[in-house]
Amino acid sequence: MVIQQLIDEPPLVQACFHGDADEVRALIYKKEDINYQDVERRSPIHAAAHCGEAEIVNLLILSGARVNTKDSRWLTPLHRACAAKSEDTVRMLLKHSADVNARDKNWQTPLHVAAANNAIGCAEALIPLLSNVNVSDRAGRTALHHAAFNGHTDMVVLLLEKGANVNAYDRLDRRALHYASCMGHVEVVKVLVNHGAELNCKDKKMYTPLHAAASSGQITVVKMLLDLGVESVSKLSRTYVDIDTPNYYGNTPLHVACYNGQDVVVNELLTFGTSVNIMNHRGQTPLHFAAASSHGALCLELLVNEGADCNVQAKDGRTPLHMTALHGRFTRAQTLIQHGAEIDCEDKDGNTPLHIAARYGHELLITTLIANGADHTRRGINGMLPLHLAALSGFVDSCQKLISCGFEIDAVDDNGRTCLHAAACGGNIECLDLLMRSGADFHKKDHYGRTALHYASSQTNYQCVLALVAAGSDVNLRDSRGCTPLHYAAATDADGKCVEHLLHNRADPTVHDNNGFDALHYAAANGHKLVIDLLLDLARDDFVKRRKKTSPRTTPLHLAAYNGHHQALMVLMNHFVDVDVGDADGRTPLDLASFKGHVDSVEALILQGATIIVRDNKTKRTPLHSAAYNGHTECLRLLIKNSLGPRSDVVDCQDGQGRTPLMIAVANGHTDSTLLLLSYASNIGATDIHQRTALHRGAANGHEECVDALLHHQPDVNFKDARGRTALHMAAACGHVGMLGALLQAGQFSNPLDNKGFTALHWACFNGHDSCVELLMEHDETQKFEGNLFTPLHCAVYNDNETCAELLLDTLGDDIVNAQDSKGRTPIHAAAYNDQVECLQMLLSHGGQVNNSDQSGRTPIMMAAAAGQSGAVELLLGTSGINLTSQDKDKNTALHLACKHVSDKKGDSHTTCALLILETC
């Protein structure tokens, strides 16, 4: 909201605020702009309504002011008058047909505003003009919600008398009773209950009015609700208050009262008999909440005095004592201990309250627990002692207290780490110094061969590194991975302080880990330019010499390029001349940077003279292929612009499979890269080793935008690959109907055949793409099958693509149902062989012949019996006219063929077929 000074407003607005009707008349006479709007689109009539000046409002309207004008918050003058509780102004506006249903940006009507501001007279004027007093705002709240929230009892009474729904709920399913209870409006609660409000109603989180009152400490409302519940029960009413009703999280009113430290409410609930040990969905009791709450001390006293179980464990194994340790409530811890809390109870991680207190540095609580006999040698999560956790978290006072209890300073956890390891990792130098003064062994290794210096270096805890190095820790000690502290520092130390100190203390930068990587590799992989400078300044010659002998094929250049650290890359290129060095797979830094799309790194490498057309050892791809594969268009542009030699040789370079960058881009659906390559005249007719073009790939993978770009350059849509398949075959086989339509429009429909004589229709039917089948049939003017005699109908029923088969029959008629392939097999043979019962039924209903035999003399039932397809056999046996005596060329009947395979691995199905035939014979 913009705050403006009245003196800066036009005279008409000032006159409205001053209530000077004569001045307003004079200004109107002088043709002052009646409908002037300020920066928030408020007009003089808004000002008059806000000030409750009914006479001025009347003057303005009569002079042409718009009665329903809205400001930037969509507030009308009627909204303003209701907010000002000016009944006269409201009636004046209504007299001039003000819209009683106007909504502001929160969807609030004038009645909402009147209810919120207790404008009784205004509401009385509005309600007779409304068809519904239960209209809701954007939050789903009615006028009754607003009146109840603000405690306007008379307004609540008025609304209820005028038909307001006492149980109307907002978007959070909260009733007016929820809001009145939460705000402690006792009289409003009484009125609502007397008008039938549900005492135990729940919102979306299943909070009841009792939850709301208990949460905010409204003791009077709590008492009232409880009393009303008892009264209702005594009257056998169905309306009652369930004192232990859980919300969405399983919390009862007692839980929420304890959580918010409402001790008076807690006392009242306990008096009424609420369950003191009831658990929520996490297994936590009210005592857990009281132990954790900022203001729950008195609540905890009340609960334990009422007999609350101090040792109940939640689902995570934590007791109320754990909760006091977590939040540092040491006086409450004393109370729990005095009431029998088990001091060394473990949670699911094995942590006792002492572990928790140490983890969060609650020194006073540590003192309390130890004074009451807590075992400081108990092991918690990962076998850590309380001292481990205190050191890891950097709480020096807690460490001091625990050490004074007689800790074994070099005790190790399950990973072999001492407290000194933990302190070095945590980075608190005071903790580290304390432990070292107490005799901690800084040479001690964990199970991974790491000392405290390894951990301090890995976390770039500079002060800890200084202290450990000064104490004599071995700076060149290798862990089980072969890494020294310098490796870890190089990987994490962006500003280089730890690295510099280690180098000054004779850390060897050329030591390699088990994979052959040295500190320079680690720094390059993480882009630490300053560290790279330090390492190269100190040992450049050593790095260069060693790189020629023992280094892995993956160089720091590769790592920096792959991760996009172009500044680190530039530093490295100043020291290493060969920027075309290949890794184990022959990939250059430029190839890796292009693959990941790091434009700055690609540009830096090109400026340094990196070769663009260089192939790796495996796929023979170039950096252009790598960029095209992931659609890194800007990298592609840089590579093409900066290439040497003929542009076509670069743009159409081929990998080991004969694929060009255009093919790669189209295959992966990278439209921008496709358009870029086409703009550089990439050859759209280029073929790979399988004679497939970019169009084949786009059609197969369904990348319509890429294919549209190709079609714009008029490729040969009927070009065939090594198997004779066109892009049309690919689109149909893969079910890309949009692609298929584009290809059909782009070229004359010639229904091309592949090397086996299959058309696109064959492939669409075989794979069950009914939308493609329908489209192909629409474009086929011949309306007949072409190509391989194993027709599209054979293909459809063979794979149980019933919809495709039905489309073919509807379009071409029943004549195709008995079509024979080159071996004399009909579609019924194909369906029977694969046990496609539904397709068989459809074929038979369209006149399919059950006794047709193929060239080997077998009928469909013989095919089914030989294949052990009992479903098909049963269906065919039920067909009238079925001939079971037919014999094939080997004199076998259907029964012979079924029995012949009974001893096979799948003999059960053949046995079933034989039995079915015998039952029919």
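Glycine too: its Cβ is placed from the backbone N, Cα and C atoms.
Just so you know, TrEMBL annotations never went through curation; they're auto-generated.
As annotated by TrEMBL, repeat 'ANK' applies to 73-105 (among others). For the repeat 'ANK' (73-105), the residues of the chain that approach it from at least six positions outside its boundaries are 40, 45-46, 48-54, 57-58, 61, 67, 111, 113-114, 117-119, 121-122, 124-126, 129-130, 135, 137-138, judged by C-beta separation under 8 angstroms.
Residues in the repeat 'ANK' (172-204) partition by DSSP class (helix H, G, I; strand E, B; coil) as 17 helix, 0 strand, 16 coil. Residues or ranges marked as repeat 'ANK' by TrEMBL: 172-204 (among others).
For the repeat 'ANK' (249-281), the list of distant contacts is 205, 208, 210-211, 213-219, 222-223, 226, 243, 287, 289-290, 292-300, 302-303, 306-309, 312, 314: same-chain residues at least six beyond its ends, Cβ to Cβ under 8 Å. The repeat 'ANK' annotation in TrEMBL covers 249-281 (among others).
Mean model confidence of the repeat 'ANK' (316-348) amounts to 96 (pLDDT, 0 to 100 scale). Under the heading repeat 'ANK', TrEMBL lists 316-348 (among others).
Residue counts for the repeat 'ANK' (349-375) under DSSP (helix as H, G, I; strand as E, B; rest coil) come to 16 helix, 0 strand, 11 coil. Per TrEMBL, repeat 'ANK' is recorded for 349-375 (among others).
Annotation source TrEMBL lists repeat 'ANK' at 382-414 (among others).
Look at TrEMBL and you will find 552-584 (among others) tagged as repeat 'ANK'.
Sorting each residue of the repeat 'ANK' (619-643) by its DSSP state yields 16 helix, 0 strand, 9 coil. The repeat 'ANK' annotation in TrEMBL covers 619-643 (among others).
Annotation source TrEMBL lists repeat 'ANK' at 690-722 (among others).
The repeat 'ANK' annotation in TrEMBL covers 723-755 (among others). Long-range contacts of the repeat 'ANK' (723-755) within the same chain: residues 690, 693, 695-696, 698-702, 704, 707-708, 711, 714, 717, 761, 763-764, 766-769, 771-772, 775-776, 779-782, 786-788, each at least 6 residues beyond the stretch ends and with a Cβ under 8 Å from a Cβ of the stretch.
Only residues 6 or more beyond the boundaries of the repeat 'ANK' (823-855), in the same chain, are considered here, and those with a CB under 8 A from a CB of the stretch are 790-791, 793-794, 796-802, 805-806, 809, 814, 816-817, 861-864, 867, 869-872, 875-876, 879, 881-883, 886, 888. Positions annotated as repeat 'ANK' by TrEMBL: 823-855 (among others).
Listed as Cβ neighbours of the repeat 'ANK' (856-889) (distance under 8 Å, sequence separation of 6 or more from its ends, same chain) are residues 823-826, 828-829, 831-837, 840-841, 844, 850, 895, 897-898, 900-901, 904, 906-907, 909-910, 912-914, 916-917, 920-921. The repeat 'ANK' annotation in TrEMBL covers 856-889 (among others).
DSSP labels the residues of the repeat 'ANK' (690-722) in these numbers: 16 helix, 0 strand, 17 coil. Long-range contacts of the repeat 'ANK' (690-722) within the same chain: residues 657-658, 660, 662-663, 665-671, 674-675, 678, 684, 728, 730-731, 733-734, 736, 738-739, 742-743, 746-747, 750, 752, 754, each at least 6 residues beyond the stretch ends and with a Cβ under 8 Å from a Cβ of the stretch. With a threshold of 8 Å between CB atoms, the same-chain residues lying at least 6 positions outside the repeat 'ANK' (172-204) that come near it are 139-140, 142, 144-145, 147-153, 156-157, 160, 166, 210, 212-213, 215-216, 218, 220-221, 224-225, 228-229, 232, 239-242, 245, 247-248.
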